[in-house]
Structure formats: C-alpha cells, structure tokens
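Enquirer: Sending over a structure as structure tokens; questions will come in a sec.
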Amino acid sequence: MTAYPTNHDIAEVFSAIADLMEILDEDRFRVQAYRRAGDVIRHLPAPLATYRARGELEQIPGVGKAIAEKIGELLDTGELPYYNRLREKVPPGVRELLRVPGIGPRTAGRLYRELGITSLAELKVAAEAGRLAALKGFGAKTIDSILQGISAAERQERRMLLAHAIDSAEALINALRAAVPALSQAAYAGSLRRGRPTVGDLDILAAADDAPAVVRAFTMLPLVARVESAGDEKASILLHNGMQADLIAVPPGMWGSALQHFTGSKAHNIHFRELALAQGLSFSEHGFRRADGTLLTCATEEEVYAAIGLPWIPPELREDEGEFEAARAGTLPCLVELSDIRADLHLHSTWSDGRADIRTMAEAARTRGYSHIAITDHSAYMGMTHGLDAERLRAQRQEIAALNAEYAARGIPFRILHGVEVDITPEGNLALPDDVLAELDIVVASAHIQLRQSPEAATERLIRAVRNPHVDIIGHPVGRMLGSRDGAPVDIDALAYAAAEHRVLLEVNSGPHRLDLDGAAVRRALASGAVITINSDAHHPDNLAWMRFGVVTARRGWAGAAQVANTWSDEALQEWLSRR
Ligand code: DGT
Ligand code: CA
Ligand code: CA
Ligand code: ZN
C-alpha cells in the first residue's frame, strides 16, 4: 500500500478482512460489519482523511468505534497489524479461489480447511480428480460449474486493460526505436489496435531492412524479463510487468500486409482472405500470391484493401460485423476522432471525491484545447455528509460563476457548466429534488449501488431517470467494472429508444475499468437514434487523458462525430438539450 491510502485502498482492506474472516469461519456478524464498511467506504463522496479531520468518521453508516480506529491506523501508517495477522493465517492462494464465479468465501474456506486446497491450480486438479465430491453438499452440477468457473477465471487473469496495454506497448515501441535507429516503422497491432477493452497480449510490428537485427534488439531491451521464443522474424517475450508481447519484424515493403494480418481480428482476416481468393489472390502477411505464383507486396494497408477493390477499413471496425458490406457499398462511417472532442461533460472536483479543485480541472481541460466542461460532483446519497446537497450546490455555483467571469474578463472563450452526478436509486428515483436539479446547467444521472437487478428492473430504473425532465446524461449506463463485475442487464435498445425520445445523452465513460457503454452497445444505441457523449469521469487532472479510450470505444460502435455531443459547440449542445 502507498503512503497515502485512498478510500479505495482502505475499502479493499476491509473487504479482504471480511473475506479472510469468512474463510476462517469466524463470527458472521463481524464479517458482515467489515463487508458493509468496505462497501460504504468505496462509495464515499469525500476522502476518509476529510471525515477524520472533522471528527466525523463514526457518522459514516457502518463505521463504529473499532472500524474508525482501524481507518485511523491505515491513514497514519498505511498498515493494519490486525489485517496482517489474519493474512498470516490464510495462504494467499485461498483468496484467489474467490475469483471463480460461484465460489464465495465460505466455500473457499471449506475447500481450504477440509481439503487443504490453497490455489486455483490445486482446485482444478482436485475437481478433475473427483476429490470435490468428498465435500458434503457438492453434487456433480456444482463441481461442473466450478470447473467452468476455473477456466473463466484463468481466461480473465491473462487479459489486461486497454489503458495499461497501450502504456506498455508505447513504452516498448519507444525503447525499440531508441535501440534500433534504422527502424523505418513500428506500431502496435492485434486487439490493442482494434481498441478492445481488454487485451490478451501485445502484438508489436516493426519494419526495417535488417529484420533479424530488430528481433535481436527487441529481446535485449531492459523491459524484457524473459524471452519465450525468438527467430529471424518473430519473438515472444514476457515483460517485467507480467505482460506477454509478440514482435514481428518485416522488410519495409511488406509493412502494409503484415500490419493488416496482425491487426486481425481473426474473423475479419478469414473474411478478407475469402474475398481475395474469389479474385484469384491468396493473401498472407507477406502479401498477395497470384495464380501464376508471383507475389504482390503492399507497403501500406491502403494498398492491401485496394488490391481487392475496397477502401481502407478502420481497425476498430475489423470484427467481421458488417464492415466488408459497408466498405463495398461505400457506406463506411466517418468515425469520431480524438481531435473532434471539444468538451468533457463528466468531471469531479474536491467538492466531492475528486483530487483537484475546479480551477485545476478547468485548466487541464483548456490545455487539451476544450471549449467547455461540466463539473459534475456526486450528489449526497445513502446518508453521506459530503456529497452535494442543495446548499453546497449553491455554494459551488458561485465558485463556478466567478471562474467563468474571470475567463470572460480575460477574453478566454471557455465555459464551465455547473452540473452534478446525481445517483439513481434502485427504483429509478433521483437523489436530489427536481427544483435543485432545475438550477443546474447539466445533470448526469448514474446508478452506483445495487446493480444486480433483473433485466426489467435495471432497464426501468434507467428509463425512469431518462424521463426526468432535468436529466441530460445517463452516466456509465451499465455499471460494469472490467475484471471484477459485470454490468447490469440493461436492455440497450429500450434505453436508447427512450433516450432518443427524451433527448438524453448516453455516456461512453472512458475510465479504463469502465468503457461503458461498450462498442456493441454504442452501435445499438446509435441505431435506435440515441446520441452519445464521451466523458473521462476524471477525478484527477491527469485522468482527462482517458478520453482517448472512450473515443476508441465509440469508434468500435461505429460512431461519427455528429453523433457525439461533446464534439459540438457549447451553444449547439444547449440548443439540442433545450428542444424537448
Ligand atoms: P488478444 O491478443 O486475445 O486480445 O487478441 P488478438 O486479436 O490480438 O489476437 P492474437 O494476439 O492472437 O493475434 C493477433 C492477430 O494476428 C489476430 O487478430 C489475427 C492474426 N493472427 C495471428 N495468428 C493467427 C492465426 O493463426 N490465424 C489467423 N487467421 N490470424 C492470426
Ligand atoms: Ca494480441
Ligand atoms: Ca499475439
Ligand atoms: Zn462520476
């Protein structure tokens, strides 16, 4: 843990304590108390340090004297001896079992205490060997679903977030460029280039006259922990951060065909090769082989697609979901680009759980060339004292008005919209009254708790929010967290239809764990006539840069700039929202 633990860090500690106690079969009520504390802290609108400074820790629901003391210890030292002692009693691999869908702490505890299982690998061996049947209450069906869960957990473990993968791929490419001055081109391909929310491995492509020298240099980069295989054109390595990377090195004249091939997807490539074959061309990463045996090489991807009579297809569309048909018909969309974005309509500040004040967030947005932003701090909800209520919203409004006046006086064409991120209750009500919402420039409505609902309830919840005349944006509509939680089973078509009718924007939240709506949902939403907005949901000025991941996600949903409301001017946005 870092020297200054965040609410999230501390919440994780309490959740871990609850898991460990449950694994050890300790008192249910104490387990529940820690679990509740973890959940509540995770959703607090202000830093725990602020609560403590005001002597209000024990006013947080679920936080009593004992937990308040532990929060204090964690804030001061970053450590909790009580937690460390618990961890010593349970091998680390036992908590890993919880990643298997269907295995909770109680089951993990029984697997550990009754069968001595201390890791996913051991669980797999035991399940396959039929040893789980020895446990009371473990029928064939349970064991079967555990086996399926294990492979799901294994798959998940190996995939990384797009944002992390891009960071590493760019670092690798920069290091390679520095090591090989004669490199003519280098780029990442694979699912990373297609912008998938998670990525299995990094596929790096390099072009140089001396391909084997590039492979050698690649395997010797300091970032590389282990070389798994290496030849003249290819190498597979493991990075120190645990990521797997493939390098393919080609002569510059083959760059286009290699880039096309290694970008994928596999389904796109299969369809592509069928189309090529129909024209008597056999395609591989080396180029097109004609019937007479001669090779047609392609230095650019444009040449690759042109060879079979198609325009270049953007990588984000290459999933064989209609892109070939659109390319042939000349109806490929002109996709939104990062440079089209001129606003970020979901930002937090220190007024709730953000890490920087409004001015700092605004200046970060100006640095990015934006013309307007919305500050949308959290509403007070679930009895939280530091979310915004009517009174604090009024105070915040004055601060924003003063900043806007300052920009106007300095002749800077930049405006801060005063907004809020208001909670949608499980029933679809909003956590602030209508007259308070009416005073705001823009309202983001989001669901944060109790996302496990039936499809009907989850959809109705959001549609009720859409129907509120003050709501302008539905934030992270599905509520998924990549790697830890599926989203709510929202009917995207029904939501989008309602959003289009009531002129409410659907968000593509750019947070690396969210990317919500995802590409497929964006495509459906646009088809139902909805308009989207791509927002960073930044809690820190650095996080405004997440916008690029949201843009890639929207592109995977075939979104053009006109369908993304934050490519519009402030006036155009106001005009659109007011015409309802
Ligand atoms: P990932 O890594 O699981 O997120 O997904 P991709 O799409 O990056 O897949 P990967 O790394 O296995 O391969 C990268 C691309 O290279 C893939 O999209 C298509 C191409 N490719 C690689 N191996 C094969 C293959 O055996 N057959 C075909 N058709 N294409 C391949
Ligand atoms: Ca890959
Ligand atoms: Ca690969
Ligand atoms: Zn937010």
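Glycine is no exception: its Cβ is also placed from the backbone N, Cα and C atoms.
The annotation domain 'DNA-directed DNA polymerase X' is assigned in TrEMBL to 5-319. Residues or ranges marked as domain 'Helix-hairpin-helix DNA-binding motif class 1' in TrEMBL: 55-74, 95-114, 130-149. Per TrEMBL, the feature domain 'Polymerase/histidinol phosphatase N-terminal' maps to 343-426.
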Enquirer: For the domain 'Helix-hairpin-helix DNA-binding motif class 1' (95-114), DSSP counts of helix, strand and coil?
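Expert: Result for the domain 'Helix-hairpin-helix DNA-binding motif class 1' (95-114), in helix, strand, coil order: 15 helix, 0 strand, 5 coil.
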Enquirer: Along the domain 'Helix-hairpin-helix DNA-binding motif class 1' (55-74), what average pLDDT does this model show?
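Expert: It averages 94.
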Enquirer: Would you kindly check 95-114, 130-149, 343-426 and say which stretch has the most C-beta pairs under 8 angstroms to the domain 'Helix-hairpin-helix DNA-binding motif class 1' (55-74)?
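Expert: It is 343-426, which has the most Cβ pairs under 8 Å.
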Enquirer: With DSSP as the yardstick, break the domain 'Helix-hairpin-helix DNA-binding motif class 1' (130-149) down into helix, strand and coil residue counts.
Expert: 14 helix, 0 strand, 6 coil
Enquirer: When secondary structure is assigned with DSSP, how many helix, strand and coil residues does the domain 'Helix-hairpin-helix DNA-binding motif class 1' (55-74) contain?
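Expert: Across the domain 'Helix-hairpin-helix DNA-binding motif class 1' (55-74), the residues distribute as 13 helix, 0 strand, 7 coil.
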